[in-house]
Amino acid sequence: TCNPFSCVRCSVGVGDCLSPKDWLAVQLVEGSGRCSGRVEVYFEGVWGTVCDDLWDEKAAQVVCRQLGCGLAVSAPGEAHVGRGSGPILLDNVQCSGSEAYLGQCSHAGWFAHNCGHREDAGVICSDWPQLQLVNGSGRCSGRLEVFYHGQWGRVCDDQWDMNEASVVCRQLSCGRALAAPAEAGFGEGKGKFLLDDVDCTGRESFLGQCPHAGWGLHNCGAGPALRLVNGPGRCAGRVEVSYQGTWGSVCGDGWGLNEAHVVCRQLGCGAAVSAPLGAHFGPGFGRIVLDNVRCSGDEGCLAQCAHNSCHCPDPTWLEVRLLNGTGRCSGRVEVLVQGTWGTVCDNLWDLAEATVVCHQLQCGQAVAAPTGAHFGAGSGQILLDDVQCVGSESNLGQCVHGGQAGLNCGHLEDAGVICAEGSPENQVMPAFLAPSTDAMSKGQACSH
């Protein structure tokens, strides 16, 4: 049997021991994370560097495998990630690439070298998880899936935004991120949720370098998406619920600690401390989607509580759609006023107004604000003119406009919008789906 005290490492459940000469502690330092950097090995109580003579991707692959960091991307030499300062312990390392540990590769011998620290070897690993985008128009758009412990699984959309999308596109060599659609924008996946609360800066090379809640730990798939905004962190703030692809707030009527307990439970935030009213965390924008929410406090998610839906309409909310374009994210702008759809005159229309429309429709960044009935002349009423937005509004109804007063337009002046998700390279972007009991798989769209 394997005696853990007779050797350095034991293969659990196998009964074989690795000899001390096979096992060699390795670390990567001064890189972007634990899976990239200058190679250092540990010998007789000292960490030292490795000379880059004969160093190649086969050796790098062994290091990545030993550290559990996926595949080797490159094996930079010449102190690419900085010069070390300790002893140079190894030189002329030669691996076949199939070894489990660097100590199984041949080398010139301990301390035997003809190098200086300007020749320190480095390694850059792909860093797990492996990624794929599925159900999109190609390999660079679709629902994000990650590979972990032999299975592909989904990523929950909590905190997902363009920072994470940028990292995914970079890791997949898919160019610049165009959008980060949530709420199963590319259809609902069927595997397990493997990641949640992924929080990247946007500068990482691989998604595995971003903090997250932990493998398999999530609060997704139970009712509509829920979030707390404008607070000091993700566990305090104004309650918002996603409804038909748009975030909206919750009326304070009947709101108390029982309801707060359910929200905290659904978000994995512990016990509720308080349930402040009166827009304590600032007024919301857009629709108020729930009213008179009544929970016992034992429910697993807010959707299980009694409530009145869409009871408190926001007077500034204005329904918007884009018609006659390549999809739902480009086309002629139309708004719904008192049950009637109509167009918008292009007087004063520019990228600021287009930005608000794209934001409201969750279509990414505004690419253009074409005028002169670029997407064809409409046939109904012209309902808005002289629209002026700052660009930070949540919906078009919050912008200053002249309504139909003093209207001086014809349909040859109908305004249009092209959003990033409706641009030619991404024109097959599917419509967002309404939330369901399992509709929070992450989506991705990259330029390529």
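Glycine is no exception: its Cβ is also placed from the backbone N, Cα and C atoms.
TrEMBL labels come from automatic prediction, so no person has curated them.
The domain 'SRCR' annotation in TrEMBL covers 26-126 (among others).
Of all Cβ atoms in the shown protein chains, 25 besides its own fall within 10 Å of the Cβ of Cys51 (disulfide bond). Under the heading disulfide bond, TrEMBL lists Cys51-Cys115 (among others).
Within 10 Å of the Cβ of Cys125 (disulfide bond) there are 28 other Cβ atoms, across all protein chains. Here TrEMBL flags Cys64-Cys125 (among others) as disulfide bond.
The disulfide bond annotation in TrEMBL covers Cys95-Cys105 (among others).
Residues annotated as domain 'SRCR' in TrEMBL: 131-231 (among others). Over the domain 'SRCR' (131-231) the predicted model carries a mean pLDDT of 81.
For Cys156-Cys220 (among others), the entry in TrEMBL reads disulfide bond.
If you look up TrEMBL, you'll see Cys200-Cys210 (among others) marked as disulfide bond.
Sequence annotations record features per position, and here TrEMBL assigns domain 'SRCR' to 226-308 (among others).
In sequence order, Asn258, Glu259, His261, Val262, Leu302, Gln304, Cys305, Ala306 make up the list of same-chain residues 6 or more apart from Cys295 (disulfide bond) whose Cβ falls under 8 Å from its Cβ. Annotated disulfide bond per TrEMBL: Cys295-Cys305 (among others), in sequence order.
Under the heading domain 'SRCR', TrEMBL lists 320-420 (among others). Under DSSP, the residues of the domain 'SRCR' (320-420) split into helix, strand and coil as follows: 17 helix, 36 strand, 48 coil.
In sequence order, Cys345, Asp346, Asn347, Ile382, Asp385 constitute the residues six or more apart from Cys409 (disulfide bond) in its chain with CB-CB distances below 8 Å. Per TrEMBL, the feature disulfide bond maps to Cys345-Cys409 (among others).
The disulfide bond annotation in TrEMBL covers Cys358-Cys419 (among others).
Feature annotation from TrEMBL assigns disulfide bond to Cys389-Cys399 (among others). Neighbour list (Cys399 (disulfide bond), Cβ cut-off 8 Å, at least 6 residues apart, same chain): Glu353, Val356, Val387, Gln388, Cys389, Val390, Glu393.
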Helix-strand-coil residue split for the domain 'SRCR' (131-231), DSSP-based: 13 helix, 34 strand, 54 coil
Position of peak Cβ density within 10 Å, selected from the disulfide-bonded residues Cys115, Cys200, Cys345: Cys345
Cβ-based contact of the domain 'SRCR' (226-308) with the domain 'SRCR' (26-126), 3 or more pairs under 8 Å: no
Surrounding CB atoms that lie within 10 Å of the CB of Cys389 (disulfide bond), all protein chains: 22
